Structure formats: C-alpha cells, structure tokens
Ligand SMILES: Nc1ncnc2c1ncn2[C@@H]1O[C@H](COP(=O)(O)OP(=O)(O)O)[C@@H](O)[C@H]1O
Ligand SMILES: O=P(O)(O)OC[C@H](O)CO
C-alpha cells in the first residue's frame, strides 16, 4: 500500500461500490452493496434514493475496513455513477420526493413521441448530441413534474433539487453544502447544450424543467466540495466526478482520439474519444462530453449504448433458472460449438443504439427441436458480442480512423468466451486490462489529478496494463454473414410493442 489514498465511489445500476486506490493505482480496499430494483409496472424501473445513499455509505465502510484505514486517512474522493437516472429531492430537508427513475425506465416513450411530432428532434439532437429517447434524464423530469403540479410549482420556486445520481451523492456527501453535477453527467440529460457547455434555456422550456431546480455544472476534474465533518468526522475534498462510462474510458487510458472501450455490465457501452470536435454523428450514435475536459475546453466522446447485455445473463439466471450464477454461463455456452442457429435479441426495454426503438421487444429466433439450454446460453453471449460488434461498424463511419483495438471492462468482461466472441465478431483484438475496475480507477484518476497526486495524464497512462489480448479468429466472410444475420433478427423485433 502506497499512500496517499483515494476513495473511488462507483454507484452503479445494480450495486453501490467503494474502492480505495493508492498512488500506484492498486486497489487496496473494496466494498460492494447490492441495490434493490423496483419494477412498479412493465417497462418502469426505479431505485430508492435513500438506499443509493445508505448502500454507498456501507460500501465505503467495508472498503476502509478492508484497507485498514480511517476516513480521515483519505486524500480525496472521486465519484462515478450510473448516468441519466433522475433523482428529485427537497432542498430544505434533503428528503427525496419520489423514487429515482432509472435510465432503463421506458415510461416516457409517449413524451418523446410528442416532442418528435412537434418537429423538435433535430434541434434537440444538435444541441445535446442525444436522440429523443426515454433513456435520458430530461423526459423523466417532465414526467415527474407533470404528475405532480405542486412539485413543479415548488421546483420553479427553487425549493426542489433535480439531478442525476452524481448530484444526489455530492449533495449527501457534503451534507447539502454542494449542489453540483459534472459535465459528463449533465451531457446525458437532454437539457445541456454540449457545444456551449451549459444548460440550454430553450430545452428547459421544451421539457418543462425549471432552471431553479438544476445543479450548477462543472468539469469532471473540479473541486466539488468537502465531505460533511458532522457525518464523516473529517473534511475530505471531492475532486473528481464523472458518469460511469466516461470514467471507464478515462480509466482505460482513453485520453486521446482513437482509443475505444466497451463496458460489459447491465448494458454495454461503447465509447470512443472524439477529441475536441463537436460533430453529432448521423448514424444513431451519441455525442457526449468526456471526462478529460480541461482548461483547453471540452473533450467529446462518441457513444453507442446497448441497454441489455449482462442483464440477459441475469435474466437466464433469475427468471429462467438456466444457471445458478452468472459465471456458469461460460462453461454452459462452451459445451456446444455453436448456437444451432438460434439468435437472441434481448430488446427487453426497447433498443438503444443504433435503432433507438422503445417499442422493440425481445425475441428468440431460429428455435428447432434440438435446441438445448447450452445453445441458448451461447446465443446469449453471442447477442452481447454481436450487438457491440455492429456498433463498432457503425461507429467507424463517424470516426476519422476505424477502431483498431477494443479495451474492455465491466462485470461480464471476465468471461473469456464472450471476449473471444467479441474479437471474432468485431474483427479486431480485444484487450482486457489487468484491472477491470476501470470505472472506479477512472474516477480515482480524475480526483487524484485534481488533487495533485499525479502530476500529468502521462503518469496515469502508465498505470494501464493489458492482462490478456483476444485475437480475432473468424474469417471476414463468416463475420459479415453473422452480422447480417444479427441485423435480420433485430429487424424482426422493431416496433413489436407499439400497437
Ligand atoms: N462471468 C460472467 N459472464 C457473463 N456475464 C456476467 C459474468 N459475471 C457477471 N456477469 C454480468 O455482468 C453484470 C454485472 O456487471 P457490473 O459491471 O457489475 O454491472 P453494473 O455496473 O451494470 O451493475 C450482470 O448483469 C451479470 O449478469
Ligand atoms: O451502472 P452501469 O454500469 O450499468 O451503467 C449505467 C450507465 O451509465 C447508463 O447509461
């Protein structure tokens, strides 16, 4: 253990985690607490904001105990979080007024369609870099305010705070002293102008979100305040914050254009550093702000988000009972040489990039009498790899140079078969770093750079080391055949739930 120590908080969709990172980038303590998922109606997904906070606190306690450190031993804190999820609370008391509406929640598909019918899609896309989809925070706030006019009135008066999970946790960590969000999270709200780097008044009007309810936005490497002495016994500075996918790109050394990473968690998030050019892709991908924004101005990322990846494995485990643990999918899938023609499209919550169809629903195609659960397991891993491979092809159209290698992380990146399938279907090497905790490391690097623990990006870049490289083994013709078959399968799921 090499001091100083950084606390990296990684508040994810399914769990809250805390990691203690030392000067060498080693993880010397780790705490993790699962988070309850609420599904009040089909297509709705909620979290309890208080539980987001208490699980975070518990995870911090476990991480510190494991490292043998006290809270006061921490030099600084870096925060990273599930993005887009909307949290609304009372400014006076800090009490949440509603459950958090999670990024996966589809309840605002109708609101998105109304905005689209009003001809506003292109204006929204050019200002925010995002597509009109229930995924993003903006329409979740529209929904909350429409459903509670009194809340809307209070929000206009500045009595309500509305933000993403980073804003909520910064507020809680600082005992209500800081109401701040970072640029990367703000760039996922549909309310933030990514070209101007500020909230967009026209979009606030369009989505009926009062400016008085929103936090101030700051670059990821900023001073976000100090922890409350009353709660923690010490004032530790929060010196970095970023949405988890931008943090992961940073943790993967994605400091310059051309580096791409894919995170395999609940969903899959493919991000590529796009440098300082703010061109919105035309191909169903998103333009967002990157964590590397510094004094020279903002840095952009191009992103393709797949909503369901590891969640498909979870579904096979929890709902179908095909496996006992997520890791069991690998030997089961490896017990057969192919899927026997089965293709699974896990459009459980609609489809993200590049189709953006909230009405798509999942399908298992190509079933025959001989299909076993092993074929289904293999088809599940192939679905994760094929959806990402297709996104790489699409992303290449928006990049000056095609992606040459893919850096990977996230809970499902430990799956060797999945990584091999990814290399095969993408046709490029897949590089898995020694530490797949790149999201938390990204937050730690951001915080440590601001606090002066590392003096430059170059110093941080040296901490990234590959653990294993998966080389592509599939011929080009077969690879293209599989991608075409995947596209045919996806097209069968589009619009399914629309009528
Ligand atoms: N060995 C494995 N093979 C495939 N999927 C896995 C494996 N281990 C975990 N997963 C999946 O990875 C996801 C957890 O990854 P994680 O990065 O912790 O997710 P999140 O940050 O979205 O909560 C779960 O959906 C789980 O099913
Ligand atoms: O919590 P994760 O890792 O599933 O990531 C969630 C993403 O930020 C959603 O955009």
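Just so you know, glycine gets a Cβ as well, placed from its N, Cα and C.
Note that TrEMBL annotation is computational and uncurated.
Residues or ranges marked as domain 'Carbohydrate kinase FGGY N-terminal' in TrEMBL: 5-251.
The ATP binding site feature in TrEMBL is assigned to 13, 14, 15, 266, 310, 314, 411. Take the CB of residue 314 (ATP binding site) and look out to 10 A: across all protein chains shown you find 18 other CB atoms. DSSP assigns residue 314 (ATP binding site) to a helix.
Positions annotated as sn-glycerol 3-phosphate binding site by TrEMBL: 13, 83, 84, 135, 244. Around residue 244 (sn-glycerol 3-phosphate binding site), the C-beta neighbours below 8 angstroms that are at least 6 residues distant in the chain are 10, 12, 80, 81, 82, 83, 263, 439. The DSSP secondary structure for residue 244 (sn-glycerol 3-phosphate binding site) is helix.
Annotation for residue 266 (ATP binding site): spatial neighbours 12, 13, 14, 104, 308, 309, 310, 311, 314, criterion Cβ-Cβ under 8 Å with sequence separation of six or more. For 13, 17, 266, 310, 411, 415, the entry in TrEMBL reads ADP binding site.
Counting Cβ atoms from all protein chains shown, residue 84 (sn-glycerol 3-phosphate binding site) has 26 others lying within 10 Å of its own Cβ. Following the DSSP three-state reduction, the secondary structure of residue 84 (sn-glycerol 3-phosphate binding site) is coil. Summarising the annotation, TrEMBL assigns glycerol binding site to 83, 84, 135, 244, 245.
What TrEMBL lists as domain 'Carbohydrate kinase FGGY C-terminal' is 261-450.
Less than 8 angstroms from the CB of residue 415 (ADP binding site) sit 264, 327, 329, 330, 381, each of them six or more residues away in the same chain.
Close to ligand 2, meaning a Cβ under 6 Å from one of its atoms, are these of the binding-site residues 13, 84, 245, 310: 13, 84, 245. Here the binding-site residues are 17, 83, and the one with the most other Cβ atoms within 10 Å of its Cβ is 83. Filtering 13, 135, 244, 266, 314, 415 by Cβ distance to ligand 1 (under 6 A) retains the following binding-site residues: 13, 266, 314, 415. The closest partner of residue 84 (sn-glycerol 3-phosphate binding site) among the binding-site residues, by CA position, is 245; the full candidate set was 15, 17, 245, 411. Apart from 83, 84, 135, 244, 245, the residues listed for glycerol, the same chain places the Cβ atoms of 82, 85, 103, 188, 243, 269, 305 within 8 Å of the centroid of those Cβ atoms.
For the binding-site residues 15, 245, the largest tally of other C-beta atoms within 10 A is found at 245. All chains included, 22 other C-beta atoms sit within 10 angstroms of the C-beta of residue 13 (ATP binding site).
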